[in-house]
Each structure stands twice: as C-alpha cells, then as structure tokens.
C-alpha cells in the first residue's frame with residue numbers, strides 16, 4: 001500500500017513535479033538514461049496492442065488514443081500516431097509538451113490536445129478514446145488516486161476501447177524511490193488496484209529483452 005511508504009501526499013506530488021522539471025526533454029531523459037531500450041519497448045508494445053486492433057467483431061477502434069504521462073511524445077510518435085487517426089497527450093511537465101511540438105514533426109499535426117496536468121487531477125472526456133495508454137507513470141500516483149484515475153479512464157473509453165498500463169513491477173510490496181518521488185508496486189498490488197477500479201484484465205505480458213539490472217516490466221490490457 002502506498003499509504004505505508006508515502007508520508008506526505010502533497011510533498012510526494014510536488015517533489016515529482018520538481019524532479020521532472022530538471023530532466024532534459026530527450027528520449028534518454030524520458031527513459032532515465034535508458035534511451036537505448038526504446039526500440040525494444042515500442043516493438044513489443046506494438047505487438048501487444050495490435051492483437052486488439054485486429055480481432056473480429058469486438059475489435060478496438062483506431063480513431064483516437066490518449067497518451068498519459070506522455071513526456072515529449074516518444075510513444076505518441078512511434079506507437080500511437082502510426083495506428084490512430086488522432087492522439088491526445090497529457091503530461092505534468094509543460095516543457096516536455098512544448099518540446100513535443102517539434103519532436104513529433106509533421107505527423108504532430110494529428111495531436112489534437114496537449115493537456116498539461118497531473119493524472120491525479122485529469123479526467124478524460126467520457127466516451128472519447130479507443131485506447132488510453134498509461135506507461136511508466138502509475139508510480140507517480142497514490143493507490144487511491146490510481147484507482148480513481150482508472151475509473152475515470154474507463155468512462156473515457158469508446159465502445160470496445162481498452163486501457164493499457166505498462167510499467168515496472170517490484171518483486172514484493174511497494175518500494176518508494178525518493179529521487180523521482182515515485183513508487184514501484186508488485187504485480188499483486190497492481191492487479192488489486194485494477195480490480196478496485198472495476199476493470200477486467202484482458203491480457204497481461206512481461207516485456208522481454210530488457211537489461212537485467214532494471215525492474216521487470218509488464219503490460220496489462222483492461223476494460
């Protein structure tokens with residue numbers, strides 16, 4: 001439980017905001033110095049997502065996606081814009097969203113909205129998105145705020161829409177990272193929060209071919 005490791009919720013959020021403000025707006029910055037894993041990550045994400053875009057009558061649409069904790073748009077550029085007609089981005093750091101406008105290049109014209117907001121305060125427009133992609137950012141929310149955010153995301157889905165969470169998983173329990181002011185939860189804790197939010201787990205997959213020294217990374221498709 002995050003309540004056991006976070007002493008001051010307000011400080012937990014403000015410290016993270018301050019941390020990201022001093023990170024360079026680059027792919028390497030977004031990935032904490034692990035920019036070289038970006039291709040491995042994106043290729044696996046594409047395969048994971050495409051199974052839902054391909055399936056028969058209940059397949060997920062490709063009109064609109066939301067990139068949560070989008071940063072400069074690493075995922076928007078390489079995963080979402082190639083597959084969706086329009087994309088919205090949300091991130092707490094204004095400088096990252098400003099950089100996205102040049103980083104995304106010509107295709108960035110299809111980014112409809114740049115929302116500058118922490119996810120704990122963000123509400124996706126109801127019934128708007130085929131896919132809501134939430135990667136490497138759930139650790140910046142408390143358990144309660146994460147469950148509430150996922151409930152709002154559920155309302156934000158179009159028919160047959162899905163939510164994808166992709167994130168680090170701890171071996172056991174909840175671990176606080178005091179540097180960037182985030183937590184890493186184990187699989188069971190994350191699954192419990194997903195259930196609390198009233199979502200069903202459609203698929204779960206471990207990311208392969210990552211460096212040994214980093215956390216295990218899992219993807220979850222939810223509805």
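From the backbone N, Cα and C atoms, a Cβ is placed for every residue, glycine too.
As given in Swiss-Prot:
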MOD_RES   1  N-acetylmethionine
MOD_RES   2  N-acetylthreonine
BINDING   69, 74, 91, 92, 93, 119, 120, 135  S-adenosyl-L-methionine binding site
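Ranked by how many other Cβ atoms sit within 10 Å of their Cβ, the recorded positions 2, 93, 120, 135 place 120 at the bottom. Taking a C-beta cut-off of under 8 angstroms and a sequence separation of 6 or more, residue 119 (S-adenosyl-L-methionine binding site) has the following same-chain neighbours: 68, 69, 90, 92, 134, 137, 140, 141, 145, 149. Residue annotation for S-adenosyl-L-methionine gives 69, 74, 91, 92, 93, 119, 120, 135. The furthest Cα pair among them is separated by 22 Å. In sequence order, 69, 70, 71, 97, 115, 116, 117 make up the list of same-chain residues 6 or more apart from residue 91 (S-adenosyl-L-methionine binding site) whose Cβ falls under 8 Å from its Cβ. The Cβ of 1 has fewer other Cβ atoms within 10 Å than any other of the recorded positions 1, 92. Every protein chain shown contributes to the tally, and the Cβ of residue 74 (S-adenosyl-L-methionine binding site) ends up with 25 other Cβ atoms within 10 Å. Cα of residue 74 (S-adenosyl-L-methionine binding site) to Cα of the residue listed as 'N-acetylmethionine': a distance of 30 Å. Here the candidates are the binding-site residues 93, 120, 135. The one whose C-alpha lies nearest to that of the residue listed as 'N-acetylmethionine' is 120.
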